[in-house]
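What follows is a short report on a single structure.
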């Protein structure tokens, strides 16, 4: 039975990533692949276009206008999330049955290798990749995304629907708001905020957020800083130095959140690349935390985080 303090649909399970399967030839599927890898394995994978826009533009329209050959479109709002609500945030974790049904309707079998991309450095496609990998399905993010993938085709691609078994979310890979607070109070985890520095510090306000700032004690690790100016992942050494400076070692327990639990998955995949296994997502993220008036809010910089606003950080309830 699922403990009452776990996210809906979560079950107890191992804290580390499961074996996420292999491609033809027996090679493990890494969390990140490039265009050359995709060219070799194109016939062995399902390609997923996961474009989504914070400004309200239609990801589906963008997909129809040009996508990787054979790619299907996956909707962040409906396939990868439950409907928004104050307690769960803007992109709550989908119910396991709904998630299985959505992927089945898209024609994605549970044993298929999925390669996902977007046109935003992987910030949105990472949600699909991470959710699949924690369920044991081989999935990877396409480094460079749409821009580095070559010729495009237009129009929809549809696959034959399949039936997928319903798998509970592994509870060890998620944290509730109470668990985040407890981990920070106990000093047992590093909590990372994957949003841009301005949103973390509270100087940049998103209209849909009830309050601005960050969870007190969280350190700022903007997901976009995982990338180079060209939109590809930074070298491993640079990524290691960045997260090491934030207090992350291979055996560190790390909890990541963002605005609504989507782009935090980019940090989670980056941590997997670096060999950090004990990681978890706070699904409600800032959209849920800021809506709960019982939760404290901090502004400014935190210790261990590069200053993102002038002055000393403050905490308010």
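Backbone N, Cα and C atoms are what each Cβ position is placed from, and that goes for glycine too.
Taken straight from TrEMBL:
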DOMAIN    41-158  domain 'Rhodanese'
DOMAIN    185-298  domain 'Rhodanese'
REGION    1-23  region 'Disordered'
DSSP residue counts for the domain 'Rhodanese' (185-298), split into helix, strand and coil: 36 helix, 18 strand, 60 coil
Helix, strand and coil totals (DSSP H, G, I; E, B; other) for the domain 'Rhodanese' (41-158): 35 helix, 20 strand, 63 coil
